[in-house]
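Student: Below you'll find the structure I mean.
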Amino acid sequence: MTLGQFGGLFVVYLISVIFILSLTWMEFRRVRFNFNVLFSLLYLLTFYFGFPFTCVLVFRFGVEVVPVQYLLQAMLSATAFYAVYYVSYKTRLRQKTSVPRAPLLTVNRVEANLTWLLLALIAVATVGIFFLNNGFLLFKLRSYSQIFSSDVSGVALKRFFYFFIPAMLVVYFLRQTQRAWLLFLIGTVAFGMLTYVIVGGTRANLIIAFALFLFIGIVRGWITLWMLVAAGIFGIVGMFWLALKRYGLDVSGDYAFYTFLYLTRDTFSPWENLALLWQNYDKIEFQGLAPIARDFYVFIPSWLWPDRPNLVLNSANYFTWEVLNNHSGLAISPTLLGSLVVMGGVLFIPLGAIAVGLVIKWFDWVYELGKNDSNRYKAAILQAFCFGAVFNIIVLTREGVDSFVSRVVFFCLIFGLCLLVAKLLYWLLESAGLIRQRLRRMRATPLAPTPNTVQDPVIKEQI
């Protein structure tokens, strides 16, 4: 990359970032937080945050990168995708109505508490089983890729660890105090550190816990944008340190700076992977929607499907094995746009942008239902569901459409199953006479009795 080429890329980069940041800032000032703001920030992080790191690696350390024309193509396609996405998100599909509708879901106090207990039980039980089978893998494995080897049993259990976070989200949304907010951080980060040590380097639970803590703080006005920036810097440094421990690296001096640059870029902003796909575009055999179906294979236990393929050719594995010819055992993220390119080439990019806009709109609709519901238990469940799905939005931007679809379906099934079981348990307990009504009197300022006033309203709660 020459200085002239860098200058041209920088102009395109600046225009793209200003365009996306302007739209995101307007939305932030309007609503402070919604899933459009979240997706936009994650999109900026994935496709634009890594450009400065790439430039420093090129000019400071002489690292060879993808030819400039493909880097430019990656930037332009990312910006075009966001423009189509934004139009799709903002397009109203039906007229807004103020007519109240009958609630599709009702949740009481007992059901809400049973739901978070079941979610937490799933997470803790699967962590316990994984630990009994494998011990502390962080101190046993020589490389991170060994996690996926036959020596490690119960790898599928890792997918259940995450449900501890939605459980703690329900607890927080039932109270929504600063104390509950801080306890959420302490509990989820402690659990994330435990899973990091047991699994041998999986940082996802830690990243999500910290990110959700920050998002809740922004929504409630407990942290400012400057505090968010400081927390982001702290998070980047923390993730770099954990990556060093994961890969067993001992670095110092210039090499430490070099390692920081490429690990941080690859962790938060694998945008060069999209450029690699454009470079190898003529070699790609478009997979259609097959990667989405194949990604569900990993959720089917081998005892249920004895002939299940051990190697799943989703978009990440296709990119890693067929495009990069990399068989190290780790799948390399193709990004959201990369997965669309693998599935259907250029034509799938605008179609994917429209679909993503509708998905984000749906999450915002559910989130608004939760915020505005008068039943605080139902509101807590809906908001916890939406915030719990943040991990799936991260998967969408970083890993791709196929990984997102399989994980969001899995998340909805487990969350919905826990709520259904909670309702069934409540019905059984109530039928057995173990649920009693708690009468709570609303204290009001004494007023002179009038024919139209009602003294001491009574509210019933199940305990």
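Heads up, the Cβ atoms here are built off N, Cα and C, so glycines get one too.
From Swiss-Prot, for reference:
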TRANSMEM  6-26  transmembrane segment
TRANSMEM  39-59  transmembrane segment
TRANSMEM  65-85  transmembrane segment
TRANSMEM  112-132  transmembrane segment
TRANSMEM  154-174  transmembrane segment
TRANSMEM  180-200  transmembrane segment
TRANSMEM  201-221  transmembrane segment
TRANSMEM  222-242  transmembrane segment
TRANSMEM  340-360  transmembrane segment
TRANSMEM  377-397  transmembrane segment
TRANSMEM  408-428  transmembrane segment
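For each feature listed, report its degree of burial, its nearest neighbours and the pertinent distances within the displayed model.
Tutor: Residues 37, 40-41, 43-44, 48, 51, 55, 58-59, 68, 71-72, 75-76, 78-79, 82-83, 86 of the same chain lie 6+ residues outside the transmembrane segment (6-26) yet bring a C-beta within less than 8 angstroms of a C-beta in it.
Beyond the transmembrane segment (65-85), the same-chain residues lying 6 or more positions past its ends with a Cβ under 8 Å from any Cβ of the stretch are 1, 5, 8-9, 12-13, 15-16, 19-20, 40, 43, 47-48, 51, 54, 57-58, 271-272, 274-276, 278-279, 336-337, 349-350, 352-354, 356-357, 360.
Outside the transmembrane segment (154-174) by six or more residues, the chain places 112-113, 115-117, 119-120, 122-124, 126-127, 129-130, 133-134, 147-148, 180-181, 183-184, 187-188, 191, 195, 199, 202, 204-205, 208-209, 212, 216, 298-299, 301, 376-377, 379-381, 383-385, 387-388, 391, 410, 414-415, 418 with a CB less than 8 A from a CB of the stretch.
Same-chain neighbours of the transmembrane segment (180-200): 123, 127, 130-131, 134-141, 144, 146-147, 158, 161, 164-165, 168-169, 171-172, 174, 206, 208-210, 212-213, 216-217, 220, 222, 242, 246, counting only residues six or more beyond its ends whose CB sits under 8 Å from a CB of the stretch.
Counting only same-chain residues 6+ beyond the ends of the transmembrane segment (340-360), those with a CB under 8 A from a CB of the stretch are 35-36, 39, 77, 80-82, 84-89, 91, 274, 277-278, 281, 284, 286-292, 315, 318-319, 334, 393, 396, 400-402.
Only residues 6 or more beyond the boundaries of the transmembrane segment (377-397), in the same chain, are considered here, and those with a CB under 8 A from a CB of the stretch are 35, 38-39, 42-43, 45-46, 103, 105-109, 111-112, 115-116, 162, 165-166, 169-170, 172-174, 204, 207-208, 211-212, 215-216, 335-336, 356, 359-360, 363, 366-367, 369-371, 403-404, 407-408, 411, 415, 419.
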Student: Could you tell me what the rest of the chain brings near the transmembrane segment (408-428), counting residues at least six beyond its ends with Cβ under 8 Å?
Tutor: 107-108, 110-112, 114-115, 118-119, 122, 159-160, 163, 166, 296, 299, 381, 385, 388-389, 391-392, 435, 462
Student: Sort out the residues at least 6 away from either end of the transmembrane segment (112-132), same chain, that have Cβ-Cβ distances under 8 Å to it, and list them.
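Tutor: Residues packing against the transmembrane segment (112-132) from afar: 154, 157-158, 160-164, 166-168, 170-171, 174, 191, 194-195, 198-199, 377-378, 380-381, 384, 414-415, 418-419, 421-422, 425-426.
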